[in-house]
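K.L.:
Below are the structure tokens for one structure; questions will follow.
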Amino acid sequence: MQLTDLAFDQRHIWHPYTSLTSPLPTYPVASAKGVYLTLDTGEQLVDGMSSWWSTIHGYNHPELNAVAHKQIDTMAHVMFGGITHAPAVELCKRLISLTPEPLDAVFLADSGSIAVEVAIKMALQFQVSRGKANKNKLVTIRQGYHGDTFAAMSVCDPVNGMHELFTGVLPQHVFAPAPQIKPDEEWRDSDISALAEIISEQHENLAALILEPIVQGAGGMRFYHPEYLRQARKLCDKYDLLLIADEIATGFGRTGKLFACEHANISPDILCVGKALTGGYMTLAATLTTRHVADTIGGGPGGGNLMHGPTFMGNPLACAVACASLDIIAKGAWQQQVAAISAQLKAELSACRTSEYVADVRVFGAIGVVEMQRPIDVAAAQKQFVAAGVWIRPFGKLLYIMPPYIIEPEQLSMLTHAISKYCQAPV
Ligand SMILES: *Cc1c(COP(=O)(O)O)cnc(C)c1O
């Protein structure tokens with residue numbers, strides 16, 4: 001890429017959460033294969049981010065490529081209104097068979113945020129359809145992240161999600177404190193009492209509890225005890241709320257189970273998946289629900305229609321690649337891969353604990369997090385990481401990695417060494 005193109009990028013193109021007035025540097029990537037990103041300069045970087053949880057099988061995967069080529073030569077897209085096609089039907093069959101038993105109906109969405117919008121609509125339409133229109137608020141836990149569209153934002157952590165910027169526009173929902181109990185700590189019944197109290201007091205106005213099971217991702221990279229999720233499920237049953245599990249980050253093996261809900265042996269009433277669904281090839285997400293919720297909505301006002309229908313709904317190309325990605329998952333290698341990554345992250349990141357600049361080190365599944373005492377200078381840190389041959393994108397006080405499942409031990413060590421070095425002497 002020419003320097004003038006880089007200047008154009010800085011001047012005219014927003015990147016995620018950036019300012020055009022004081023833009024951060026961007027690195028031109030020319031190609032990607034396996035765990036490597038190749039910069040325009042020819043430098044190769046080991047990818048620690050899986051392009052935000054998505055590229056679980058690595059870039060430029062031969063099987064995914066073959067399916068994408070075949071589908072593009074057949075039909076890249078067709079509207080989903082009044083039309084159906086094999087890639088969508090195949091994908092939905094697989095999603096229903098992979099997810100917990102009661103989930104039986106699928107809405108194909110075009111991104112994670114939209115899958116959350118649809119989940120919220122399902123919950124609200126469900127309550128209206130059974131004559132409980134007053135149950136029209138959501139309850140959630142702080143430090144969550146559910147996406148960037150308005151309904152999704154309204155259930156993100158109010159501080160991290162900058163709710164005050166949108167006062168008067170964002171719907172007001174109910175927030176419980178974030179769970180404090182870590183996965184390996186001993187459960188105390190008091191760990192659920194704040195959520196229990198809020199739900200018992202406000203259930204007459206609550207349609208659903210929405211949360212990220214076990215792993216809170218972009219809202220803080222926090223891990224919590226599976227018993228919290230089991231108790232949350234019980235509270236939803238007791239007080240007649242739906243449980244919405246947002247597995248957009250955790251779905252498809254990242255936490256060591258296919259879905260994070262499995263750590264608690266629970267099933268949600270509504271499940272959102274996205275990110276890794278297409279193995280990181282293109283944008284696609286899905287919202288699944290039970291036959292009961294689907295039928296209740298179906299008997300409700302407005303002819304029982306679920307009120308959503310994006311232009312690119314069920315895009316055949318994305319559905320075909322998603323099926324191919326699920327085929328790779330079905331072979332099962334991810335289980336050993338995730339376990340090995342997890343063990344190596346635990347072993348190699350623990351050295352960071354000795355640094356005075358580090359507040360916490362935590363690993364869950366194939367996710368490694370080092371929380372610094374102070375906010376990280378992203379541009380400076382990234383420059384150091386690129387020089388070390390790795391791609392790691394910090395945010396806030398957090399250095400975190402969730403590499404492609406196919407990463408080799410030596411490649412993973414490059415990532416952990418770069419993090420350790422940063423921790424000892426932050427730039
Ligand atoms: C990334 C994410 C979303 C939003 O997905 P997009 O595809 O970015 O819209 C929602 N929920 C969770 C848990 C996520 O990690």
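Just so it is clear, glycine is given a Cβ too, placed from its N, Cα and C backbone atoms.
Remember, TrEMBL labels are computer predictions, not curated facts.
Pulled these features from TrEMBL for this protein:
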BINDING   W52, Y145, K275, G309, R393  substrate binding site
BINDING   G112, S113, D246, P310, T311  pyridoxal 5'-phosphate binding site
MOD_RES   K275  N6-(pyridoxal phosphate)lysine
K.L.:
I'd like to verify something. Among the binding-site residues S113, D246, G309, P310, R393, which ones have a C-beta closer than 6 angstroms to some atom of ligand 1?
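P.N.:
Within range of ligand 1: S113, D246.
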K.L.:
Of the binding-site residues listed here (W52, Y145, G309), which is spatially closest to S113 (pyridoxal 5'-phosphate binding site) when Cα positions are compared?
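P.N.:
Nearest listed residue in space: Y145.
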K.L.:
For the substrate binding site, please report the maximum Cα-Cα distance among W52, Y145, K275, G309, R393 in Å.
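P.N.:
The two farthest binding residues have Cα atoms 34 Å apart.
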K.L.:
Using DSSP and three states only, what is D246 (pyridoxal 5'-phosphate binding site)?
P.N.:
strand
K.L.:
Check the DSSP secondary structure of P310 (pyridoxal 5'-phosphate binding site), expressed as helix, strand or coil.
P.N.:
coil
K.L.:
For the binding-site residues G112, P310, which Cβ has the most other Cβ atoms within 10 Å, all shown protein chains included?
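P.N.:
Comparing the binding-site residues G112, P310, the most crowded Cβ belongs to G112.
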K.L.:
Quick check for you: of the binding-site residues G112, D246, P310, T311, which have their Cα within 10 Å of the Cα of Y145 (substrate binding site)?
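P.N.:
Final answer, ordered: D246.
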